[in-house]
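A.B. asks: Okay, these came from Swiss-Prot:
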{"type": "BINDING", "residues": "58, 84, 150", "note": "[8Fe-7S] cluster binding site"}
{"type": "BINDING", "residues": "270, 437", "note": "[7Fe-Mo-9S-C-homocitryl] cluster binding site"}
């Protein structure tokens, strides 16, 4: 029996434990990739099965937690009960430069703290009062976003009307975002709603700071600067002669967002969360966009050359110089870590782009991806994934806690790379684990400098001597 058939049988064994209706539903989300096919063969972006443990988030998480929250010079109000703001408070490690509480506010939590009376009588007056208090207490803020939670949508509060009034009072952008958590099937719709808010409430403004443009102006979009990722990417782009005019949302500002329609090229890192606004700018302003990948030296060089190909010979020559500059550093990293990591197997399950984009970094270290999947991918994500995975790779969409544990128990990977919800489950099973949402409090992982840290962290995870003291359940 081939490996493909083995793994298809594994999927069937897992499905056999479910009731018939659930098994039929989940069977559409699990598959084994077969080389040569142009799709991973799984359904996606569908409501999770009721009653199963899913790692997904909500639309509010996608808007406030991913797209808007990292804009550092704005104050983001979690408009609704206190819990949503509390549990989304500074959890993403979006690094930024500034003085917190004075001119930057990324790690602060602002909430309208809805009470029963606000549900009964509405919260519009309270919200307007909050915007006035914010302006008084934090006068150096450059704008406010209103991130609406579930009750706000259910009672029909007019946050758009409040935003317009607040803008007249403060003279600054006040952006209403209808990202109530019940919308859509995952955080993915929150990304889309947040993108639409940028389109309707930011790009439509005419008060952006005037800047001189150059033929080399670019924007980094969809890099949230986890552990400094955007900084390590920006270094390479600037070394090859490009001018990064805007960087959002990680370490980004509202003015940078306003400037973006003036750039010559949008460089998109997280396709899933920011492709909507990139496509809009392509259609309205004629700005092309390119999805780059700065995970691992192979893809870094490939992306730099592809970006340079969109500019003149000077940029093309500079790109080659940048690649050459880091060859020695990369060779030293590979010489040190590849022998220690060669042929180790990995299973991954994350959101966004990482289930495919991080694969080349593992491959550069000689590691093999045997299973990967997304929390909230769409069909085009799985089409893009075929470029990154090998024959017989297990593919799982919106995988349940039960499925993921069973797959790991059977395939016995050397390393599991997933989120904080999964971290302690697998560590208690005696498996090395890396948290791939926030880089396990390390990073950056982007760029050549980031690859050195990535390699070190994988080595620390896999070759830590403590694992020899713990027996996996299947070895007892």
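Note that Cβ sites are derived from N, Cα and C of the backbone, with glycine treated the same way.
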A.B. asks: Return the count of C-beta atoms lying within 10 angstroms of the C-beta of residue 150 ([8Fe-7S] cluster binding site), excluding that atom itself.
C.D. replies: 19
A.B. asks: Count the Cβ atoms, other than its own, that fall within 10 Å of the Cβ of residue 270 ([7Fe-Mo-9S-C-homocitryl] cluster binding site), considering every protein chain shown.
C.D. replies: 21
A.B. asks: May I ask for the distance between residue 58 ([8Fe-7S] cluster binding site) and residue 437 ([7Fe-Mo-9S-C-homocitryl] cluster binding site), taken between their Cα atoms and rounded to an integer number of Å?
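C.D. replies: Pair distance, Cα basis, whole Å: 16 Å.
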A.B. asks: As a test of the contact definition, list every same-chain residue at least 6 positions from residue 84 ([8Fe-7S] cluster binding site) whose Cβ is closer than 8 Å to its Cβ.
C.D. replies: 60, 78, 111, 149, 181
A.B. asks: So around the [8Fe-7S] cluster site, 58, 84, 150 aside, which residues have their CB within 8 A of the centroid of those CB atoms?
C.D. replies: 59, 60, 61, 80, 149, 180, 181, 182
A.B. asks: Round to the nearest Å and give the CA-to-CA distance linking residue 437 ([7Fe-Mo-9S-C-homocitryl] cluster binding site) with residue 150 ([8Fe-7S] cluster binding site).
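C.D. replies: So the alpha carbons of residue 437 ([7Fe-Mo-9S-C-homocitryl] cluster binding site) and residue 150 ([8Fe-7S] cluster binding site) sit roughly 25 Å from each other.
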A.B. asks: Return only the integer: C-alpha distance in Å from residue 150 ([8Fe-7S] cluster binding site) to residue 270 ([7Fe-Mo-9S-C-homocitryl] cluster binding site).
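C.D. replies: Just about 26 Å between their Cα atoms.
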A.B. asks: Going by DSSP, is residue 84 ([8Fe-7S] cluster binding site) sitting in a helix, a strand, or coil?
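C.D. replies: The residue in question, residue 84 ([8Fe-7S] cluster binding site), is helix (DSSP, three-state).
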